[in-house]
Ligand SMILES: Cc1ncc(COP(=O)(O)O)c(C=O)c1O
Ligand SMILES: Nc1ccccc1C(=O)C[C@H](N)C(=O)O
């Protein structure tokens, strides 16, 4: 049976619009995260459902960045590498991100793009698997992957003498065998919003001595990830979506602590050297997760991210609450679409099953690109993804149930 649904149609018994308004008000009234929205720069007349592409700006970030620029850079200049904690920012902020993805300290480093970290992780994973058994000559990649991961997997496989096999994420556990060196899977599919089974796939990889590399771009900050609990080998992700780090915010790389000793970085830049300032001609890797650094960290965007993460310091903001609200929001949006949009016009590509759903709803429809243009013109900002997908991202920190209802209503106006 399919785990996706085809919303649409005012079937008898479905709630009318007035009832949906009351429900939205009630849900917003009971929302334990409602107050967090005020911390973000948002417009009241726009429904922003694109936080799964670029998260909103927390109000306090510009003040912090002004201080970094004017005082730390402008007045302290070179001293800031030590005195302002610039040099150690990748590991310090890595621990902060790690706490949000279930990683205990010392396993996450922030820096570079997700793409670069996919490369480091995948080549590192294959090298490690082949050092144990050179017959491991295959890399499996999520067949529906975000393209950058696929491109990099092809290059990483070629560089390590592996064959690359695209496999549907759901079939991955059954496809891994003794020839598999590494698997690269998206935790949440960027196009459909499907949540892939991290525990089962990772366990299957380990059964065969392969390493699992997870791309957390669409799950970090949206749902509990539990990297340590599931003994994930490597994980990467960006910080500009649900972590609200800003455009081009640096990405991160997780390497499980007991693998770090054996990690042989394909990009051993001077920042990962045991003694960077010894300026030695020969490379000697640094200790622990520092080995995963490459070159000079992106200090301005790193520190913008660090400031943005303060939103999570509020004891009311827990990943469990975020997840509960995310599911409630996407459930409510699907219900509103079902009640307001005529039957058969849109079809949900997002699983109904909570266990398989990320924090977005993807609706397929004819002429989706034009529909999204019209939605944006009417103040409902989602995005379009090829070939026919309307994506609506629900960031629980700042999205209201009334936003979900308004988005469905405007969709019905545009498409109905
Ligand atoms: C799953 C996934 N991986 C990777 C990326 C992008 O990586 P990068 O940070 O290198 O642009 C995105 C979105 O841009 C994504 O959705
Ligand atoms: N980094 C970007 C820069 C510009 C425009 C979009 C992005 C995205 O992040 C796209 C996103 N990864 C997606 O899931 O489609």
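Start at 1 and count along the chain as shown; that gives each residue its number.
Cβ from N, Cα, C; glycine included.
Record check, TrEMBL: pyridoxal 5'-phosphate site residues include 114, 115, 146, 147, 148, 149, 215, 218, 240, 296, and the candidate from 73, 270 also listed there is 270. The binding-site residues in question are 148, 296, and the one with the fewest Cβ neighbours inside 10 Å is 296.
A coil conformation is recorded for residue 296 (pyridoxal 5'-phosphate binding site) in the three-state DSSP classification, outside any helix or strand.
Mapped onto three states, the DSSP output places residue 215 (pyridoxal 5'-phosphate binding site) in strand.
Cβ crowding, taken as the number of other Cβ atoms within 10 Å, peaks at 215 among the recorded positions 215, 240, 241.
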